[in-house]
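Below is one structure; the comments refer to it alone.
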Amino acid sequence: MSWSILKLLREKPEELKEHVKKRFMDPSIVDEAYKTDLEWRRTLTYIQELRHKHNVVSREIPKLKGVDKEKKIKEAKQLLKELEEVEKKLKELEEKRQKLLFSLPNIVHETVPVGPDDTYNVPIRFWGKPRVWKGFIDQFKEQTEKYGFKVEYEVIDWKPVGHADMLEKVLRLGDTFKAGQVAGSRFYYLFNDIVFLDMALLAYAIDYLTSKGYTLVLPPYMLRHKVMMGVIDMDTFKDAIYKIEGEDLYLIATAEHPLAALHAWEDIPEEELPLKYVGISPCFRKEAGAGNRDLKGIFRVHQFHKVEQFVYAKPEDSWDIMEELISNAEHLFRGLGIPYRIVNIASGDLGAPAAKKYDLEAWMPAQGRYREMVSCSNVTDWQAFRLRIRLIRRKGMVKEYLHTLNSTAIASTRTITAILENFQEPDGTVIVPKVLRKYLEVFKSAPIDAIHPVKKEKN
């Protein structure tokens, strides 16, 4: 049983350094991890030697008498004393080693574009016929033709209203001002038709994924520190998640976290894999690094609902499953009729857990750009090692770390922003995507065909 990153650290540390460099991280962490792991192994071997010596001496004592016996007893005590000291050192080394191993990022897949940030992300395909305001045509071409894609689009001569103004001024179905007063920035109140739309989106995603055999899960909304350490890179993301004061608990930022922990510390027979789950949960995020980006509206908020795909897989199957997960997300957005592109995320923008990541970005007509709606990652054995989740091979009962993968299906508030911008009419009416209508029909007060603007009062 071997963790891929530890194997590379021991056998080809210089190669592992190259992977760390691709992420634009300091490669010296590899040297420190290599040195500490080597010292830990040598100390472990020395402890085994000391124990063997002590056992040999202890077996000799009953056979001896007088001075010889006293000498052996003294030798045994000395060995025990040394053993105690070395075991203390080993414990310290184990803690240091684990911290260093946990700080190592995943191995970057060979198909990932190398670059320090999202400006190096590479679009790989487009879908749909975007509506492009005449003032954004050059901007649109910069996001399509620059990468060698000729995307058909519809020119409109009226500029669409941004989702924030649509929500609060045109439809009057949201209030971020009052939410800001009572909870702070990046919170919101949503009302009536938008709430129904939120629920319909979640039902739409769940209906599709459960029909494909995914097991529906309502997970815990909080996790212990030990578990969070296994799921994410806590050193990087500790300021992005909420901690419950006075408790060893953190609010989840996505259902991925509790779904990854669902089989923590388990050995799973290979014939049971893949295990496919679809989780639904609220998500809580500090958005500490967002600064002043997307302060208006509900695109980047502290809480939202999300349907998440999560799979436990055999290593040899995981790359095919990654394509399945992004394909599922594409199916949902095609059903909604929202134009999008799939982007291969650059190495410096991956985040420590992912070996490779795709984003699905929806076209936002009022902004004149594509924005992230879905994130799909193959984490390979990065989480499995930290949470000790292994698969058992039938031949020889060999245990090895399995692979975990995750992908957004629908993040409701972000998808609502895309609907408000893509399906608005010049008069402010928003057409409801046809695929959502059957999920809205169960509510007597829900909109079925369209959401209409509030009529302006006459003076």
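Any Cβ shown, glycine's included, is placed from N, Cα and C.
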Taking Swiss-Prot at its word that Arg285, Lys286, Glu287, Glu372, Met373, Val374, Ser375 bind ATP, choose the one of Val301, Val307 listed for that site. Val301
Among Thr176, Thr408, Thr413, Thr415, which residue does Swiss-Prot annotate as binding L-serine at the site that also has Thr254, Ala255, Glu256, Glu308? Thr408
As a test of the contact definition, list every same-chain residue at least 6 positions from Ser375 (ATP binding site) whose Cβ is closer than 8 Å to its Cβ. Lys357, Tyr358, Asp359, Ser407, Thr408
Measuring CA to CA, name the entry from the binding-site residues Thr254, Ala255, Glu256, Glu308 that ends up nearest Lys286 (ATP binding site). Thr254
By Cα geometry, the one of the binding-site residues (Arg285, Val301, Met373, Val374) nearest Glu308 (L-serine binding site) is Val374
Far apart in sequence but close in space: which same-chain residues, 6 or more away, have a Cβ under 8 Å from Glu256 (L-serine binding site)? Val231, Gly279, Glu308, Phe310, Asn406
Provide, as an integer number of angstrom, the distance between the C-alpha atoms of Ala255 (L-serine binding site) and Val301 (ATP binding site). 16
In whole Å, note down how far the CA of Thr254 (L-serine binding site) lies from the CA of Glu372 (ATP binding site). 15
What's the CA to CA span in angstrom from Thr254 (L-serine binding site) over to Glu287 (ATP binding site)? 13
